[in-house]
Amino acid sequence: MKKITTVILLTLLTFLLSGCWSKRELNELAIAVALGVDKTDDNYEVSVQIVDPGQISSKQPASGRAPVITYTAQGKTVFEAIRKITNSSPRKPYFSHLQVVVIGEKLASEGIEPTIDFLARDHEIRNDFNIIVANKTTAKEVLNVLTPIEKIPAQKISSSIQNSEKAWGSTLTVNIDDLITTLRSNENSPVLTAIEVIGDPKLGIDQTNVERIKTPVILEFSGLAVFKQDKFVGVLTDDESKSYNFLNDNVESTIEVISCPKEGRLSTEITKSKTKIKGKIVNGIPKLTVHIEIDQNVGEVDCTINLAEKETIQMINEKTSNLIKEKTEQVLNTIQKNYQVDNLGFSEVLHRADPKEWKKIKEDWATIFPELEVNVKVNVRTLGVGTIHNSISQQSKE
Amino acid sequence: MFITLGIVTISALIIYFEMPQLMKTGETKTIWTFSILLFIGTALSIMKGLNVTIPNPLDLITILFKPFADLLKTVLKY
Amino acid sequence: MEKQVISARQFTIITLLSSMGTTIIIIPSSLAEIVKQDAWIAAILGVAISLLLIKLYITVGNIIPSLSFVEVNEKVLGKFIGKTISLAFIIFAYLSVGELLYFIGKFMQTEVMPETPTVAFSILFMLIIMFATYLGLEVFARSAEILFPVFLLLFVIFVIFISPDINIQNIQPLFEATTGSFIYGILLFISAFAFPSVVLLMIFPSGINVIKSAQKGFYIGTLFGGLILIILITLSILVLGATNTSLRTFPSYALAQKISIGNFLQRIEIIMTFMWITTIYIRLFIYFYATVKGLGQLLNIKDHRPLILPLGMIAVALSLIVHPNIVHSDIFNKEIWLPYSSIFAVFLPLLLLLIAKIRKISGKEVNIKKQPKTLLSEKDS
């Protein structure tokens, strides 16, 4: 008898296990994959890209409805605007699957800290999404573009920024934890990847955008956005962004094009890149040295050189290293003289190298940084030349 | 309203289940302690259910010990 | 109820899990706020000094090994003073019960189920604790034994999976915090980690079968509990960085959120929460058991069990009273807890030792002098 009672009691207990106080059934959730925040006059305008699960599922055929819907609302703060979305959305947005947060250019110029506070404080929003800035457009426009191949545009943005970071090196994935650490320090400023809408935005909201072989409207990354503290001040060009990533040890693989001694160009594929920044403070004056170690292969030869000679490889090494050194010094110049913001973490390097001395010069960092002496040393090794020796054009001439 | 009723019901149930046994043992001390505690518990719970602000014993402790905490702060300068 | 006896190993496990308690969730944040990236150093020193404190507790426990802390109070300080101080001690433990209940409710509500009122968690948790107290120390010790391997497994998984995200630069520069900050950080750590262990004197060594192993167990439990805390704090700094650790209310939860292996093992922080719930459960039981047992011994009541239900009811009400909001709780734990708990965790034991020495009270003498009475009171406790 006791056994049966125990079993019955245990079975009854399992009914409590699933719990139903704070339950939200799947069909009550509006899964938000992207969040866009803009500023219009004094109000925040929030755009949420919500997935239509029926259109994404592989089992049911697509019925011509868009795979994602954008809902917009305005409010005095981001939080208020998000709640107001329930006025138009059939369900309350659920943010735990957020892939990307887009911050409009105007809002970014005024400061992103209030938005970031909301993203950090809310318990539903996790820390594994990317944050980007809309360049020359609003976040709303960015979220209103349907993308081919990836049904969910937020997914496209997210994978695109990661792939580009790995294969080309002019973008940067920034998550909220990194952003908060940078924003909280007085000497550092963050950078975010900037995204642009290429083409007429009005055409992007339609399925016709993805029904053609040449998509009229595409989302493209256009370099890194430079911030002063939390205010957006400018964009680095694609090339400059790549050099920035060299300085920040963020390059995994990219291409460099050098010019051959006589005429023509040669492309090298960088397979490995490691940057070490060392700093020291001598007599109250900080000095930094940047060491970049690069491994590369020859990727494409468009000139007449003999790749079989040792000297050629050495020449390629030298030329690439000079080129990268030049480009990094250039971007350093831009950042130091034009923007005058430390977004390379130099302050942290010095802080770690010599905490006592750093404390003394910390206050004057804003004036020290533009004049900071930075030595760039690049060491390039060419390890391979691809699957053929000399280029075809070379062979044919011999 | 319902909360008060609920709490009173729970107290009644507690008395129902515990009292007969207690009466049997005849330990007056236990019975008295039990009753006083149960009364305090019911009263506090009902007051909280009705959102009455009850003085917080930790506040008293805070008043007592704040001087030490401040002393520590100034001495260690953290 | 007959005398409950647990084994030394069970006591070790209880000490290990109880010493972590809520410390594991909130200390990384407070510590990182004060000493920034040197929090791990403060933790290591804190654990080392805590072992000295444990020695103090063991010595106090040895005054009269067969009696619990409340009873020892009476014997050493005399009936009137002893009982008054015991009452204060019981209230100390009881208020902490309220605090812990508030805390577990707030934690679950903030991170997991925001629409659920805090009191719902408090009530559910209290029901378990009440049931455990009713069943007695032995049953509880066995439940701790069962939970412990699960806890350990989760912890190892946690450490392994979060390691890829370590950024060694986050811990540099070393030793940047000022001496004053270090001292306060260490004191804060000890107050959250070791001070609550004084309540264990209610079951140590009176409730343990072999005293020598129990003493070893006290040390080992505290040491390994501290080790786990050190690892956690270090990981928190290495992965999240000092800024994020001090910013978050519950940095350990944020740390668990970061686990992402191969894009499929993600979002498992709720499984990690099981770890925290376990440590809170153990500590909460110890506090509540101490309260109930202590009150029973104070009033010389034979069976403490009828008191469980009313005390549990008041505890739930307490959880609603002690902290009106999380900020109050934060400030209390950062500033007031240290001096307040040191009275019961440091000064009281020292006082007992002193008086016991003066009055030359020891376990043997008490037995010889008051043999008939002692035998009876042993039976009852």
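Using the three backbone atoms N, Cα and C, a Cβ is placed for every residue, glycine included.
All annotation found in TrEMBL is predicted automatically rather than curated by experts.
Marked as transmembrane segment by TrEMBL: C:12-34 (among others). For the transmembrane segment (C:12-34), the list of distant contacts is 6, 42-43, 100, 103, 107, 141, 144-145, 147-148, 151, 177, 181, 184-185, 188-189, 192-194, 196-197, 200, 216-218, 220-222, 224-226, 228-229, 232-233, 236-237, 242, 245-253, 275-276, 278-280, 282-283, 286, 330, 333-334: same-chain residues at least six beyond its ends, Cβ to Cβ under 8 Å.
The annotation transmembrane segment is assigned in TrEMBL to C:40-64 (among others). Taking Cβ pairs closer than 8 Å, the transmembrane segment (C:40-64) reaches residues 27, 31, 34, 71-72, 75-76, 171, 174-175, 177, 182, 185-186, 189-190, 193-195, 197-198, 200-201, 204-205, 211, 215, 218-219, 222-223, 226-227, 229-230, 233-234, 237, 345-346, 349-350, 352-353, 356, 361-363, 366 in its own chain, all 6 or more past its ends.
Taken from TrEMBL, the feature transmembrane segment applies to C:85-105 (among others).
For the transmembrane segment (C:117-137), same-chain residues at least 6 beyond its ends with a Cβ under 8 Å from one of its own Cβ atoms are 1, 4, 6, 101-102, 104-106, 108-109, 143, 203, 207, 280-281, 284-285, 288-289, 292, 305, 308-309, 312, 315-316, 319-320. Positions annotated as transmembrane segment by TrEMBL: C:117-137 (among others).
Marked as transmembrane segment by TrEMBL: C:144-162 (among others).
What TrEMBL records for C:182-205 (among others) is transmembrane segment.
Summarising the annotation, TrEMBL assigns transmembrane segment to C:217-244 (among others). Long-range Cβ contacts of the transmembrane segment (C:217-244) within its own chain (Cβ-Cβ under 8 Å, at least 6 residues beyond either end) map to 8-9, 11-20, 23-24, 27-28, 31-32, 36-37, 39-40, 43-44, 46-47, 50-51, 54, 57-58, 155, 159, 162-163, 165-168, 170-171, 193-194, 197, 200, 204, 208, 251-252, 254-255, 258.
Sequence-distant contacts of the transmembrane segment (C:264-286) (same chain, at least 6 residues past either end, Cβ-Cβ under 8 Å): 14, 17-18, 20-22, 24-25, 97, 100-101, 103-104, 107, 111-112, 125, 128-129, 132-133, 140, 144, 147, 150-151, 154-155, 158, 161, 196, 199-200, 202-203, 252-253, 256-257. What TrEMBL records for C:264-286 (among others) is transmembrane segment.
As annotated by TrEMBL, transmembrane segment applies to C:307-326 (among others).
If you look up TrEMBL, you'll see C:338-356 (among others) marked as transmembrane segment.
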With Cβ-Cβ distances below 8 Å as the criterion, list the same-chain residues six or more beyond the ends of the transmembrane segment (C:144-162) that contact it, or say none.
9-10, 13-14, 16-17, 228, 231, 235, 239, 255-256, 258-259, 261, 265, 271-272, 274-275, 278-279, 281-282
How about long-range neighbours of the transmembrane segment (C:182-205): same chain, 6 or more residues beyond its ends, C-beta under 8 Å?
6, 11, 14-15, 18-23, 26-27, 30-31, 34-35, 38-39, 41-43, 45-47, 49-50, 53-54, 57-58, 60-62, 65, 68-70, 72, 93, 96, 137, 211, 214-215, 218, 222, 225-226, 229, 283, 286-287, 289-290, 293-294, 333-334, 337-338, 341-342, 344-346, 348-349
